[in-house]
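Novice: In case it helps, Swiss-Prot gives these features for our protein:
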MOD_RES   Met1  N-methylmethionine
Amino acid sequence: MLSPKRTRFRKQHRGRMKGISYRGNRICFGRYALQALEPAWITSRQIEAGRRAMTRNARRGGKIWVRIFPDKPVTVRPAETRMGSGKGSPEYWVAVVKPGRILYEISGVAENIARRAVAIAASKMPIRTQFIISG
């Protein structure tokens, strides 16, 4: 699963997801892509599940690019812990995704295979997405 090698700080504020994605919203590498339509935190496990589903479905042919990276640590407090005594420990990593962001790209396969692979990857995502074609 994806996670940063090292970060400057162990814990982060939650922040908020306002507006649309102005970066990473165009197809850069492949021919077909999966684009987010809603804002969400996508965990490294979900990213990996989508990537695996796409590679299994595309089989030998085709190249896949993952265009998001989980660089935000999410902290969780232990169960049945009283309030106070600081922030919880970092538990997992998420990628902050805004509407319009490209999640995956694929090329080197026929459109029907790409559609099928992307649809399976989309079912692993916690948000509504759309299939787009470059050009």
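Quick reminder: no glycine exception, Cβ is built from N, Cα and C everywhere.
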Novice: Other than its own, how many Cβ atoms are within 10 Å of the Cβ belonging to Met1 (N-methylmethionine)?
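Specialist: That number is 12.
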Novice: Can you tell me the three-state DSSP label for Met1 (N-methylmethionine)?
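Specialist: The three-state answer is coil.
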